[in-house]
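Below is one structure, written out as structure tokens, with a few remarks after it.
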Amino acid sequence: MLFEIGSTIIMGGVAGYAYLKTSGSPSNDADKIQKIFANSGWNGKNGETIRLQRKAKFKGGVEYVYQIPLGFDRKKIESDKHILEDGLNIRHKTLEFNISELLKVKFDITILKQIKKILTSKKIKRKEVELSFDGMLRIKVYNESMQDSYEWNEHYLKKGTWSVSIGETSQGIVRHDFDEHKHLIIAGATGYGKSAILKLIVTSLVLQQLDNVNLHLIDLKGGSAFQRFENLKQTKHFTREPSEAKEILESIQTEMNDNYKNIVDQGYEDIKESGRKERHFIIIDEAADIAGDQDCMNVVTDIARRGRGAGYYLIYATQYPSSQSIPQQTKRNIPSRLCFVLDDATASNTALGQTGAEELPLIPGRGIYKNVKSQVVQTPYISNKEIQKQITPHIVIRPRKEKESEKVEPRQSKEGGSNTFEYEEM
Ligand SMILES: Nc1ncnc2c1ncn2[C@@H]1O[C@H](COP(=O)(O)OP(=O)(O)OP(=O)(O)O)[C@@H](O)[C@H]1O
């Protein structure tokens, strides 16, 4: 009996200690935000600071709404958002705390060691912050950070649409709707998820729009990320050679011009209004490799400018964002960006139009998706094995360089059947 009482007191004490040590009341965040702003010199021109107007709880966090003083530089806070996050996390860590683990503690001389081990082995949840401005400054403080990885599964698909799941946040899935926002620029240092998201986009488009999607894959990275898609019936062009890229781009441009003319001649504003179902995706991975070829870049710019009306959408990926690899005119026509971690603020500015990508944590798949607003996302990850499983039914056997006159009736592949292709990623 005495032992039971003793152990209950100890457990209660330990739980309380863990809570006090790691948690704070959410209302303190408002004070902390105010202090962080003051210490960071984020003031208006005459030194006035932000004023809290209201706060409201939402599922997963609290939103603070502030009045901002005149002359307030919002870009500065956006780029230095990490200071806000670090400040909010200094004494405000939450442990994933499970009482059942404490109940397993043995009452011997190692008890303190056991408890310390439990506490230190727990994953610390970091609070994340989202900023937005609509005349007021809105700061959303999330109680939990997003996971480091989200495995892809079929619930990410939105069949029959051009809306592709490209990210997870603690608030849910973020989608890029190609019929709404058209083209997309993807940038990021090597090894942080460019190829992975491109493969996910291609796989999603094929599964969502089997009969309507046309793929033009230009893979200049020297690897084999796109090779598994080469024999899809939806793949109209495929190359890994910069020398072939020009020919392919020019033939796409000719076809786009004809389609555009047809659509406009019939009195429609764009492909969506015309009711046509097919769309074309020109996907260029390592666009920097054709940036020096003015003819190629003229076509790229033309697709970025006029492709939206004809249903020709560009996905333009590079690991070296610079004014040469992403020309100004191309950038102007592609407001949507997905950016993984980059080396410095200059590269982030070029790719995203704002700094911040250089501050992203070094987690593959962690990026900033910028569309109407910019938000940090974790891209869902689809393994090569899963891609193979999903696309195998759509692979056809056909001669490598097929000419119109030589077209053979494609044979459909069966999953696991003799027509399956296996590729090793380089
Ligand atoms: N969204 C993700 N979630 C979890 N892990 C990921 C994600 N994206 C990529 N990875 C991991 O990072 C590795 C590198 O990703 P990926 O090949 O896409 O990088 P990359 O930016 O294309 O690099 P490179 O330019 O060198 O090819 C992958 O093999 C995978 O293990």
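Each position is counted from 1, following the chain as shown.
Glycine too: its Cβ is placed from the backbone N, Cα and C atoms.
Nobody curates TrEMBL annotations by hand; they come from automatic prediction.
For reference, TrEMBL has these:
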BINDING   G188, A189, T190, G191, Y192, G193, K194, S195  ATP binding site
COMPBIAS  399-414  compositional bias 'Basic and acidic residues'
COMPBIAS  415-426  compositional bias 'Polar residues'
DOMAIN    170-349  domain 'FtsK'
REGION    399-426  region 'Disordered'
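Mapped onto this structure are the features recorded in TrEMBL.
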{"residue": "G188", "record": "ATP binding site", "Cβ contacts under 8 Å, 6 or more apart": "K194, Q319, C339, F340, V341, L342, A357, G367"}
{"residue": "A189", "record": "ATP binding site", "Cβ contacts under 8 Å, 6 or more apart": "Q319, F340, V341, L342, D343"}
{"residue": "T190", "record": "ATP binding site", "Cβ contacts under 8 Å, 6 or more apart": "Q319"}
{"residue": "G191", "record": "ATP binding site", "Cβ contacts under 8 Å, 6 or more apart": "P364"}
{"residue": "Y192", "record": "ATP binding site", "Cβ contacts under 8 Å, 6 or more apart": "F340, V341, L362, P364, G365, R366, G367"}
{"residue": "G193", "record": "ATP binding site", "Cβ contacts under 8 Å, 6 or more apart": "F340, P364, G365, R366, G367, T379, Y381"}
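All protein chains considered, the CB of S195 (ATP binding site) has 22 other CB atoms within 10 Å. Listed in sequence order, the binding-site residues among A189, T190, G193 whose CB lies under 6 angstroms from an atom of ligand 1 come out as T190, G193. Other residues of the chain with a Cβ within 8 Å of the Cβ centroid of G188, A189, T190, G191, Y192, G193, K194, S195, the ATP site, are A196, Q319, F340, V341, P364. Note on the domain 'FtsK' (170-349): mean pLDDT across this stretch is 92. Under the three-state DSSP scheme, K194 (ATP binding site) falls in the helix class. Counting Cβ atoms from all protein chains shown, K194 (ATP binding site) has 25 others lying within 10 Å of its own Cβ.
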